[in-house]
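**Q** Sharing the features that Swiss-Prot gives for it:
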- E490: active site (ACT_SITE)
- G270, P271, P272, G273, T274, G275, K276, T277: ATP binding site (BINDING)
- H489, H493, D567: Zn(2+) binding site (BINDING)
- 665-685: region 'Disordered' (REGION)
- 1-18: transit peptide (TRANSIT)
Amino acid sequence: MAWRRVLSQVARNRSAYAICNEIIYANPSRILRGDTIAGGTLRNLHERYQSSYVGSFARRMRQMDSPSEASLLKEIYRSDPERVIQIFESQPSLHSNPSALAEYVKALVRVDRLEDSTLLKTLQRGIAASAREEENLGSVSENLGSVSAFRSAGQVTKDGILGTANAPIHMVTAETGQFKEQLWRTFRSIALTFLLISGIGALIEDRGISKGLGLNEEVQPSMESNTKFSDVKGVDEAKAELEEIVHYLRDPKRFTRLGGKLPKGVLLVGPPGTGKTMLARAIAGEAGVPFFSCSGSEFEEMFVGVGARRVRDLFAAAKKRSPCIIFMDEIDAIGGSRNPKDQQYMKMTLNQLLVELDGFKQNEGIIVIAATNFPESLDKALVRPGRFDRHIVVPNPDVEGRRQILESHMSKVLKSDDVDLMIIARGTPGFSGADLANLVNVAALKAAMDGAKAVTMNDLEYAKDRIMMGSERKSAVISDESRKLTAYHEGGHALVAIHTEGAHPVHKATIVPRGMALGMVAQLPDKDETSVSRKQMLARLDVCMGGRVAEELIFGDSEVTSGASSDFQQATAVARAMVTKYGMSKQLGFVSYNYEDDGKSMSTETRLLIEKEVKCFVENAYNNAKNILIKHNKELHALANALLEHETLTGAQIKNILAQVNNKQQQEHAIEAPQKTPAVPSSPAASAAAAAAAAAAAAQQAAAKAKGEIAGIGS
């Protein structure tokens, strides 16, 4: 019944709407259609009827929803959206159906006629006019009813389905029942995307990336080397081995005449910084041939096959410029031992290198020189005879080599007359050429910061101590008790080292914090050592125990600190090596034991015996250090006081302090000897007690005097 009432009302409004339409648009008179009072009145009447016509059913749309008609339009929409538009516009009864209206809007969107629909614009104005009329009634209930009706029937229309000029509709329809079509569409999109990316990648690989990586450009040799063998110091044996390669590059016929063949590859082996790269440049400079330089890491990129291609290009360019030298630094980056688990592209580069080393003729004039710090990691096929079949060891320089290297670097800086490079060379055992170059550079920077005119010996000593012992932390806040304990601790180390046969000479003692240590005693050998004797190892154990013994003698057993933990670790390691590696234990004999495999290679009894021997070595060292410090107690006090005052003492200053203490003791004994009167013979025990008391009094007096006179030493 409600539907019929709405239809009748719509019919009445429609008749009025038709009359207005006929009067306004069918009348040929310009008066009615122009901008006159009559024309304006008729147009207002026309708009009012339009609003009444549309607004009358907009307020009752909730009651007029016909599912059957909307379903019919929905089915027709799938195949023919134009038909949906025609049906909706030709049947006014559907205008009050929200579902039908939604299908009509969808059809307009699909055929792209949303902006051209006059009926849709009329519906929008009618809904807006209806809302305004409901608001003017003033009734809360009618307002709620109007809003509810408008929301239920026109919520989608107001908020987005009908759209506006400022907020156009964006609609995506998902059709049901077409899963296979959607799946095929998705698969087709993915396939096309993959083909597109593959094509672009191939194009970039062929044109763009290859040019960017330099694969299409011919490999060019490095700049001509001006380095000569005379510039390389400290590796005389390695230079002698490489001279024959220089002779071959200068005069190949000299060797080929007698059928001689030079190695295809030369592998330079040695620690970092020993001058392997400099030797290769010296060969190129001496022979005067093109020099191709590369690094093992330069061959690999993110693209598979780039490494092998670069190897081919490198050797192809070298063949065009033979005789020449190819130098590969850090060859272990590509020449490491092959593993079945490695990626295929990693093997391709190494395989190509192996082929190139065997691929060119032996007398072609191409010498391949490689350098590595880890020869044991190289693939066996790479170092076999016929490839890198000659290994030249480039070790750290000896004392004479270090002096030559220092002279070479010091020739480039201003130095004072007091510089003695032999002293620096003796004090830098184990330094490589790069370390010595860094030492000279640090000294030059120190002199420049101080405003000096030339580099002095003190600058070189400062640089050496900074490299070997770490930078000073003078800003660290340390209590007086801690400084005093550190002074006696380091004094104990130094004193035991001085009075123990086989110990290295004391180079410097300091209580200035360096690195993580509060103080340290540096010992340097007089010359380079190739092996260590049993006496030297036992002396090293005694020196390690000197710090803890000094703490016990001066401060008591209850005041010892954890500062000796590193000393104990070092002593234990030396003692264990003497027992398990060097065969220096009479109990275990000349047997080597692997102590680092958790005891798997030895029995429990053997392990206990090893621990017993290690403990015996350490305890003997402790007793030796204790006897030395008790005997030289005055020297310990004098040395500790000097460290507290000056913080750092050199080996020569320490010897001067000890010599002054000994001289004072001798003078005191010489003065006291004539003053003694003949004593009445007494028992041996009484004589010994009297002698001990006299010695103790003399020791206290000498210590007091030494403490007052030590201030002028070490300045």
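Backbone N, Cα and C define each Cβ position, glycine as well.
I would like each feature placed in context: is it buried or exposed, what are its neighbours, and how far apart are things?
**A** Using a 10 Å radius centred on the Cβ of E490 (active site) and all shown protein chains, the other Cβ atoms total 26.
For K276 (ATP binding site), the same-chain residues that are 6 or more apart in sequence and have a Cβ closer than 8 Å to its Cβ are L268, G270, D329, A371, V394.
The Cβ of H493 (Zn(2+) binding site) has 28 neighbouring Cβ atoms from other residues within 10 Å, across all protein chains displayed.
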**Q** Determine which residues of this chain, when H489, H493, D567 are set aside, have a Cβ within 8 Å of the centroid of the Zn(2+) site's Cβ atoms, and list them as they appear in the sequence.
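**A** Checked against the 8 Å cutoff, the neighbours are E490, G492, V521, V543, C544, G546, G547, R548, A550, G563, A564.
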**Q** What's the number of neighbouring CB atoms sitting within 10 A of the CB on G275 (ATP binding site)?
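**A** By my count, 25.
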**Q** Give the sequence-ordered set of same-chain residues, not counting G270, P271, P272, G273, T274, G275, K276, T277, with Cβ within 8 Å of the centre of the Cβ atoms defining the ATP site.
**A** L268, A371, N373, V394, S432, G433, A434
**Q** How far is it from E490 (active site) to D567 (Zn(2+) binding site), counting Cα to Cα, in Å?
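**A** Distance (Cα to Cα, whole Å): 11 Å.
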**Q** Where among the binding-site residues G270, P271, P272, G273 do you find the Cβ with the fewest other Cβ atoms within 10 Å?
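**A** Counting other Cβ atoms within 10 Å of each of the binding-site residues G270, P271, P272, G273, the minimum falls on P272.
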**Q** Fewest other Cβ atoms within 10 Å: which of the binding-site residues T274, T277 wins that one? Let me know.
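**A** Selected from the binding-site residues T274, T277 on minimum Cβ neighbours within 10 Å: T277.
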**Q** Identify, in sequence order, the residues in the chain of H489 (Zn(2+) binding site) that are 6 or more apart from it along the sequence and have a CB within less than 8 Å of its CB; answer 'none' if there are none.
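**A** Same-chain residues close to H489 (Zn(2+) binding site) (Cβ under 8 Å, separated by 6 or more) are G519, G547, R548, A550, E551, G563, A564.
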**Q** Can you grab the distance from D567 (Zn(2+) binding site) over to T274 (ATP binding site)? Cα atoms, rounded to a whole Å.
**A** 31
